[in-house]
Amino acid sequence: MKVLCTVLVVTLLAGCRADVEPEPEVLEPAVWKSGQPWELALGRFWDYVRWVQTLSDQVQEELLSSQVTQELTVLMEDTMKAVKAYKSELEQELVPMAEDTKARLSKELQAAQARLGADMEEVRNRLAQYRNEMQAMLGQSADELRARLASHLRKLRKRMLRDAEDLQKRLAVYKDGASEGAERGVSAIRERLGSLVEQSRVRAALTGQPLQERAQAWGKQLRGRLEEVRGQAQDRLEEMREQMEEVRVKIEEQAEAFQTRLKGWFEPMVEDMRRQWADLIEKVQAAVGASTPVPSQKP
């Protein structure tokens with residue numbers, strides 16, 4: 001039993017020693033001091049966390065209030081806003097890129113951005129937890145809390161550095177894609193300008209011709225157009241003549257047919273009337289003859 005207790009005590013002492021043993025300092029990239037706005041904002045956050053890690057008397061005093069977490073919140077928001085602004089700026093130049101490639105790059109960049117934001121959020125939450133523990137002091141000494149906080153901050157700074165470098169690389173890929181799209185846009189503009197310059201050169205050459213030559217060219221073009229119109233008019237006139245001749249022939253044929261039908265309709269009627277008239281005359285003559293007395297002979 002004594003041996004077991006001794007082992008437990010040694011283990012606890014070794015763990016405490018491991019907590020307070022200093023780790024190598026994490027060196028931040030120099031580019032965070034002179035890079036993009038988001039890198040400068042992240043550098044300010046990084047410097048603030050490094051100052052908090054010193055756990056000086058001033059840090060201890062501010063950690064017991066909400067000042068440190070408030071300042072970290074402002075630095076976090078500045079960093080993420082700068083990242084979003086830089087990403088939006090690059091997206092404006094990614095228009096010529098294929099949609100699937102652009103979607104993949106955007107998804108990877110958002111994931112890296114979220115990881116960095118989570119790292120900064122965890123730093124702030126850890127400091128808030130330390131403040132609560134210091135105020136409560138639940139069975140722990142201040143030295144133990146400070147040692148544990150220092151260890152956590154070192155680990156968080158390492159992870160934040162790794163995620164920041166990953167975000168930096170993905171933004172570089174994004175920027176390369178934007179540069180490639182911009183180069184394609186410049187090439188298209190260059191080709192368009194070349195075409196416009198060639199058109200301007202042709203116009204300038206035509207403008208530089210003597211007025212007489214230009215007038216002759218216009219006159220020749222006008223004569224050709226007049227000949228074309230005259231030929232079209234003659235063809236149209238001949239076509240109208242043929243159509244009028246066809247109409248005349250049709251009208252004559254219809255008139256002759258109508259005359260034939262009219263004659264066939266009237267002739268039987270006239271013949272019948274003539275026959276009836278002759279019969280009537282014969283009847284009248286017969287009646288008149290019958291009614292006239294025969295003269296008597298005298299002795």
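From the backbone N, Cα and C atoms, a Cβ is placed for every residue, glycine too.
According to Swiss-Prot, the protein has these features:
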BINDING   Leu156, Arg157, Lys158, Arg159, Gly219, Lys220, Gln221, Leu222, Arg223, Gly224, Arg225, Leu226  heparin binding site
MOD_RES   Met137  methionine sulfoxide
MOD_RES   Ser141  phosphoserine
REGION    74-245  region '8 X 22 AA approximate tandem repeats'
REGION    152-162  region 'LDL and other lipoprotein receptors binding'
REGION    204-273  region 'Lipid-binding and lipoprotein association'
REGION    261-273  region 'Specificity for association with VLDL'
REPEAT    74-95  repeat '1'
REPEAT    96-117  repeat '2'
REPEAT    118-139  repeat '3'
REPEAT    140-161  repeat '4'
REPEAT    162-183  repeat '5'
REPEAT    184-205  repeat '6'
REPEAT    224-245  repeat '8'
SIGNAL    1-18  signal peptide
In whole Å, how far does the CA atom of Gly219 (heparin binding site) lie from that of the residue listed as 'phosphoserine'? 108
Grab the heparin binding residues from the record (Leu156, Arg157, Lys158, Arg159, Gly219, Lys220, Gln221, Leu222, Arg223, Gly224, Arg225, Leu226) and give me their largest CA-CA distance in Å. 89
Just counting, how many other CB atoms are there within 10 A of the CB of Gln221 (heparin binding site)? 10
Rounded distance in angstrom between the Cα atoms of Gln221 (heparin binding site) and the residue listed as 'methionine sulfoxide': 103
Alpha-carbon spacing, Leu156 (heparin binding site) to the residue listed as 'phosphoserine', which is rounded to whole Å: 23
So for Gly219 (heparin binding site), how many other CB atoms are inside 10 Å of its CB? 10
